Amino acid sequence: MNVLVINAGSSSLKYQLFDMTHETVLAKGKVERIGMETAMLTHEPAGKQEIREVSEILDHTAAIRKVLRILVHPKEGVLESMEQVHAVGHRVVHGGETFSGSVRVDEEVKREIKRLFDLAPLHNPGALTGILAVEANLPDVPQVAVFDTAFHQTMPPKAFLYPIPGVFYRKHRVRRYGFHGTSHQYVSGRAAELIGRPLSELKMISCHIGNGASVTAILHGRSYDTSMGMTPLEGLMMGTRSGDIDPAIVPFAMDKEDLSLNEVNSMLNKHSGLFAVSGGLGDMREIVEAAEQGDRNAKLAFDMYEYRLRKYIGAYAAAMNGFDALVFTAGVGENSALLRKTVCDNLTFFGVKLDEAANARPGGGDRRISADDSAIGVWVVPTNEELMIARDTFEASRAALQPST
Ligand SMILES: Nc1ncnc2c1ncn2[C@@H]1O[C@H](COP(=O)(O)OP(=O)(O)O)[C@@H](O)[C@H]1O
Ligand SMILES: CC(=O)OP(=O)(O)O
Ligand SMILES: [Mg+2]
């Protein structure tokens with residue numbers, strides 16, 4: 001059975017096609033700059049040359065059509081016909097309190113994803129557009145929604161409620177939901193396999209640090225607390241998002257700078273974080289390079305980013321009364337040896353001891369980067385949200401496909 005996984009953002013769409021017999025990737029790629037005349041498709045069929053194609057792709061429906069077409073292309077494709085796409089799985093960022101697991105998409109599920117637009121305006125609209133676009137192109141194929149929030153539905157009320165009047169929760173469902181759940185769940189499961197102990201016996205802290213970034217306290221395999229909140233803005237300092245700030249800054253900024261609600265929202269989501277402190281650099285690679293060349297703002301941005309991350313690790317160690325393993329994942333977590341080193345060198349209090357050579361060694365793959373005598377195991381586990389989505393899609397749509405496949 002072949003499963004197509006779609007991760008639709010506001011202006012981009014990433015995809016991976018899996019053959020679930022052995023969980024092999026048949027092809028993957030992305031469409032960037034959707035909505036423009038110079039949209040770009042990058043397609044990597046397994047075992048063949050990568051293809052890049054610039055063309056006008058005006059919306060997600062057209063982008064999905066383009067992806068499906070290249071998957072069945074006689075030369076660059078990997079399938080003989082579109083009938084060989086048996087199910088489609090989507091990453092949906094916000095599932096509110098309705099979804100604590102993955103679900104088959106039906107009218108009710110689509111309505112609920114739409115109802116949650118207010119809570120994830122940067123993410124949910126793209127996901128629904130992706131679902132509708134697949135429906136338009138492949139009307140009979142089962143679709144499954146996999147939510148970033150689902151894994152965090154196990155958080156206890158003391159972790160997910162905000163200390164504000166109850167009416168906001170009762171009437172508007174204002175609470176902490178948490179995100180990147182598919183990733184936190186995947187890397188914690190993988191780390192337990194590497195450690196060789198059941199997840200149900202372990203206390204872990206996983207750091208998903210990419211463009212968006214969050215830390216999760218995983219107690220015996222379940223999310224116990226996580227740094228993102230009602231929206232993906234709370235918690236860590238990120239590429240362009242502020243993370244935690246004093247909420248009083250919002251009305252203050254609106255008053256002093258005459259900002260509208262939209263403007264202040266955009267300031268905190270798109271013009272803050274590393275980007276703001278460094279004076280225009282939002283990418284960790286650029287920050288590290290500039291800091292090494294003596295740029296003081298870049299150095300300050302790095303220091304703040306690392307310090308805020310480390311404070312969360314300390315908080316979650318206290319929340320769980322200790323921890324056995326620390327896991328790094330996503331773009332920065334997997335690739336920045338400097339960030340990992342700075343964090344770990346300042347956690348010796350907990351008995352963390354880095355294996356400097358293992359940490360500095362380039363190259364991907366799951367690996368332990370703590371010394372043999374470290375009290376806490378420190379791991380790098382490349383995330384694989386797409387594989388998790390493919391597995392859930394396979395499970396959830398198998399029943400529907402039984403008679404025909
Ligand atoms: N070698 C590297 N060193 C430091 N940071 C890196 C490196 N490679 C990638 N990154 C960071 O990873 C980030 C992207 O992470 P990723 O998980 O792909 O994000 P997203 O999925 O949210 O787009 C980039 O902003 C970049 O700063
Ligand atoms: C939820 C979230 O922040 O996702 P991303 O890191 O993909 O922006
Ligand atoms: Mg990501």
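Cβ from N, Cα, C; glycine included.
Residues annotated as Mg(2+) binding site in TrEMBL: Asn7, Glu385. According to TrEMBL, the feature ATP binding site maps to Lys14, His208, Ile209, Gly210, Asn211, Gly212, Asp283, Met284, Arg285, Gly331, Val332, Gly333, Glu334, Asn335. Positions annotated as substrate binding site by TrEMBL: Arg91. The active site, proton donor/acceptor annotation in TrEMBL covers Asp148. Marked as site 'Transition state stabilizer' by TrEMBL: His180, Arg241.
Positions of the features from TrEMBL, shown on the structure.
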residue	record	DSSP (3 states)
Asn7	Mg(2+) binding site	strand
Lys14	ATP binding site	strand
Asp148	active site, proton donor/acceptor	coil
His180	site 'Transition state stabilizer'	coil
Ile209	ATP binding site	strand
Asp283	ATP binding site	coil
Glu334	ATP binding site	helix
Glu385	Mg(2+) binding site	helix
For Glu385 (Mg(2+) binding site), which of the listed recorded positions (Arg91, Asn211, Arg241, Asp283, Val332) have their CA atom within 10 A of its CA?
Arg91
Within 10 Å of each Cβ, count the other Cβ atoms, then let me know which of the binding-site residues Asn7, Asn211 comes out lowest.
Asn211
Which of these recorded sites has the least crowded Cβ, counting other Cβ atoms within 10 Å: His180, Arg241?
Arg241
Recorded positions near Asn211 (ATP binding site) (Cα-Cα within 10 Å), from Asn7, Asp148, Arg241:
Arg241
Please report how many Å separate the Cα atom of the residue listed as 'substrate binding site' from that of Asn7 (Mg(2+) binding site), as a whole number.
5
Could you check which of these recorded positions, Lys14, Asp148, His180, sit within 10 Å of Asn7 (Mg(2+) binding site), going Cα to Cα?
Lys14
Where the distance is taken from Cα to Cα, which of the recorded positions Asp148, His180, Arg241 turns out closest to Glu334 (ATP binding site)?
His180
When you tally the Cβ atoms that lie within 10 Å of each candidate's Cβ, which of the binding-site residues (Lys14, Arg91, Arg285) has the highest tally?
Arg91
Within 10 Å of its Cβ, which one of these recorded positions (Asp148, Asp283, Glu334, Glu385) has the largest number of other Cβ atoms?
Asp148
What recorded positions among Lys14, Ile209, Arg241, Asp283, Arg285, Val332 are found with a C-alpha within 10 angstroms of that of the residue listed as 'active site, proton donor/acceptor'?
none
